[in-house]
Amino acid sequence: MADAEKPETLTGQAPEAEHDPQFDPVIKLEHKVEVKTHEEDEDVIFKIRAKLFRFDKESKEWKERGTGDVRLLKHKETSKVRLVMRRDKTLKVCANHYYIKLQPNVGSDRSWVYNVAADVSDGEPVAETLAIRFANSENAQLFKKEFEDAQAANAGTKSDEKPEEKEEAKDEAKDETKDDDEKKA
């Protein structure tokens, strides 16, 4: 009867000798690695959730590129605005464009279609047709308005000029026109 009082486990050991499930980490992480996204020098001027698609020419269908927040980022020094979209979980960039022309998507009032000359998301640069879809038509219209405002702001800036240099160039242009007017008079 002594055997019945202390049952053995499958390994042949008594239950009191079972393993304690406490585990110590094999590697201790002591410091974080700073990841540079190249968005540190930019301010978010607009942000909205969307889904990005690309048109596959071989199968003639839309393929999902990613879902996440599409943002318009304005550079602090050059004042250039660009569209950036990162996938939700992986944070991989699925859209990064300065100049694109939005066209309405046939059959949908909540998405826009645009073409890019060189999309490098899948490796080599390839001309792509992309579509960006929003939750509703109000969000799509809001995005279009903000994006067109950003494009108008980009049209007024040159990529290699800083804002201070732009002001100097404007002042010089005004001085030259005054000189020309005085010569004509």
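Using N, Cα and C of the backbone, Cβ positions are placed for all residues, glycine too.
Automatic, uncurated: that is what TrEMBL annotation is.
It should be emphasised that the depicted structure is a prediction, and the values quoted were computed from it without experimental measurement.
TrEMBL annotations:
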COMPBIAS  158-185  compositional bias 'Basic and acidic residues'
DOMAIN    22-156  domain 'RanBD1'
REGION    1-24  region 'Disordered'
REGION    145-185  region 'Disordered'
| Per-residue pLDDT averaged over the domain 'RanBD1' (22-156) comes to what? | 89
| remark: For the domain 'RanBD1' (22-156), the DSSP residue counts stand at 19 helix, 60 strand, 56 coil
